[in-house]
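Have a look at the structure below before the remarks.
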Amino acid sequence: MKRSMYAGHVRSEHIGQELTLKGWVGRRRDLGGLIFIDLRDREGIMQLVINPEDVAKDVMEIAESLRSEYVIEVTGIVEERQQANNQIATGAVELKVEQITVLNTSKTTPFEIKDGVEVSDETRLRYRYLDLRRPEMLENFKLRAKVTHSIRNYLDDLNFIDVETPMLTKSTPEGARDYLVPSRISEGHFYALPQSPQITKQLLMNAGFDRYYQIVKCFRDEDLRGDRQPEFTQVDLETSFLSEQEIQDIVEGMIAKVMKETKGIDVSLPFPRMSYDLAMNQYGSDKPDTRFDMLLQDVSELVKGIDFKVFSQAPVVKAIVVKGNADRYSRKDIDKMTEFAKQFGAKGLAWIKVDDGKLTGPVSKFLTEIESLLTDALQLVDNDLVLFVADELDIANATLGALRNRIAKELQLIDESAFNFLWVIDWPMFEWSEEEGRYMSAHHPFTLPTEASAHELEGDLANVRAIAYDIVLNGYELGGGSLRINQRDLQERMFKALGFTEEEAKEQFGFLLEAMDYGFPPHGGLAIGLDRFVMLLAGKDNIREVIAFPKNNKASDPMTQAPSLVSEKQLEELSLQIESHD
């Protein structure tokens with residue numbers, strides 16, 4: 001029979017109606033001869049009642065045979081429940097069953113299909129189709145669908161064109177490792193799965209499309225963590241003839257629409273703007289979490305003359321003040337924080353506490369002469385804890401920034417209901433890579449340098465600034481963008497600054513350079529990580545919760561066993577041989 005409606009949509013106005021519902025058996029309870037069943041479908045739970053006095057014997061036998069996760073079809077009359085259940089939307093009604101059909105049976109599931117069930121991540125991924133039946137998981141994907149629907153409507157209304165770009169592209173050397181796809185037809189040649197549609201969307205601007213967007217899969221072969229996956233989805237935008245401010249205005253409007261339509265929140269526009277240098281110096285991060293204070297403070301000048309060489313001879317000494325919580329941290333706790341600090345390159349962690357108006361702790365004896373100055377500078381009061389890092393500026397910032405975030409979580413200083421958006425602007429064009437021993441693009445090699453600093457492409461690369469902007473939400477990089485280079489000579493200078501020979505640049509990017517000979521317009525854009533955005537909106541801490549079939553931390557799928565070995569015949573067709581490294 002045809003389903004009348006979703007089980008989760010039945011309400012008091014349907015009392016007296018005969019309905020046919022379909023779904024899964026949740027709980028089954030036998031009470032005084034009556035059988036009660038929770039019927040679950042996408043929209044919720046509906047209580048079924050089977051009374052042996054009202055149904056045929058065969059219907060009762062079927063009801064008694066039902067087990068969790070059986071798929072059933074039921075027909076009956078909607079009645080008012082004697083005792084309403086205010087915890088569910090259908091709690092005022094129940095279905096008095098007349099007919100039951102078993103559409104499919106089920107083995108006992110490896111875990112109970114309910115929210116809050118304790119089960120390992122690996123088991124959840126192994127039986128992902130069961131994990132996704134849980135209501136909280138379904139809600140995550142309803143939210144994701146609302147977000148993408150809102151984004152598409154917004155961009156469509158602004159005359160953006162949705163264009164699909166290739167999945168099989170050319171491998172380029174900048175950025176993370178590519179996922180490579182061997183070509184059967186061109187022996188020894190490989191496609192790459194795109195890390196982003198960066199170059200193709202720029203070429204669409206050269207084609208005169210003016211405004212492009214795409215909600216697109218991207219691929220990066222990199223080490224995984226809670227907010228990364230080997231394949232992920234981004235909201236990709238590119239525009240012609242707009243300034244960075246105009247692009248940011250478009251993105252802010254899009255996010256405001258999403259927040260209103262999915263969370264009912266009116267965000268304040270425009271978003272705050274913070275320079276990269278300020279973010280690093282005050283928050284120790286290029287993606288600062290502004291939901292709490294505890295800013296980094298530079299005390300280098302104050303401690304320069306003291307008789308403590310760790311401070312007086314360090315390139316920089318910076319501190320954070322943990323207000324009113326010194327008594328929460330024992331020496332053992334601080335030792336653990338010291339080990340944590342060493343993960344970021346710090347040699348150690350110095351500390352003091354304020355007790356009864358006096359500085360105490362291992363280094364307090366060296367601070368006697370400047371105690372009053374330090375107390376005023378850091379605005380110290382009783383029960384404050386001060387943590388110092390004396391090191392190179394980058395190490396001090398990174399270490400204290402990480403400690404700041406860790407301590408805020410430990411002390412629950414963060415307003416988890418807040419959504420703090422901001423732009424990080426005025427980026428350096430290049431970052432020094434210790435691993436590579438050279439400067440690398442902070443974003444990518446197509447970013448437009450500021451006019452005032454472009455001459456440093458042939459000078460000190462540390463001084464080149466980019467017309468780039470990242471959008472940050474609650475300490476996460478939500479997305480990044482920039483104005484792009486549209487002139488061939490400047491793009492060639494950029495490649496040269498990155499260490500490309502003329503031949504290498506032509507081999508890797510010759511098609512882009514050639515396109516710049518044909519009236520390439522000024523352009524710029526941005527990409528937002530959709531998975532990360534939805535994760536934050538859903539209040540989750542891992543993007544696996546908002547991706548239907550994600551990979552684990554080994555970039556494998558426990559359900560399908562991907563990646564897997566392939567046959568010798570397949571390898572032969574691709575002219576590939578696998579070397580053993582036993």
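Keep in mind that glycine also has a Cβ here, set from the backbone N, Cα and C atoms.
Here's what Swiss-Prot has on this protein:
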- E174, R220, H443, R484: L-aspartate binding site (BINDING)
- R220, D221, E222, Q229, E477, G529, L530, D531, R532: ATP binding site (BINDING)
- 198-201: region 'Aspartate' (REGION)
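Recorded features from Swiss-Prot, shown on the structure.
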{"residue": "R220", "record": "L-aspartate binding site", "DSSP class": "coil"}
{"residue": "H443", "record": "L-aspartate binding site", "DSSP class": "coil"}
{"residue": "E477", "record": "ATP binding site", "DSSP class": "strand"}
{"residue": "R484", "record": "L-aspartate binding site", "DSSP class": "strand"}
{"residue": "L530", "record": "ATP binding site", "DSSP class": "helix"}
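Neighbour density at the Cβ, taken as the number of other Cβ atoms within 10 Å, is lowest among the binding-site residues E222, E477 for E222. Comparing Cα positions, L530 (ATP binding site) lies closest to R220 out of the binding-site residues R220, H443, R484. When Cα-Cα distances from R532 (ATP binding site) are compared across the binding-site residues R220, H443, R484, the shortest belongs to R220. There are 22 other CB atoms within 10 A of the CB of R532 (ATP binding site), with all protein chains counted.
Taking every pair among R220, D221, E222, Q229, E477, G529, L530, D531, R532, the residues listed as contacting ATP, the largest Cα to Cα separation comes to 19 Å. In sequence order, Q202, F446, T447, L448, H523, G524, G525 make up the list of same-chain residues 6 or more apart from R484 (L-aspartate binding site) whose Cβ falls under 8 Å from its Cβ. Long-range Cβ proximity for H443 (L-aspartate binding site), meaning a same-chain Cβ under 8 A and a gap of 6 or more residues, is found for W427, A466, A468, G480, S482.
Under DSSP, residues within the region 'Aspartate' (198-201) fall into helix, strand and coil as 4 helix, 0 strand, 0 coil. E477 (ATP binding site) sits 17 Å from R220 (L-aspartate binding site), taking the C-alpha atoms as the reference points.
Highest local Cβ density among the binding-site residues R220, L530 belongs to L530, counted as other Cβ atoms within 10 Å over all protein chains shown. When pLDDT values are averaged over the region 'Aspartate' (198-201), the model yields 97.
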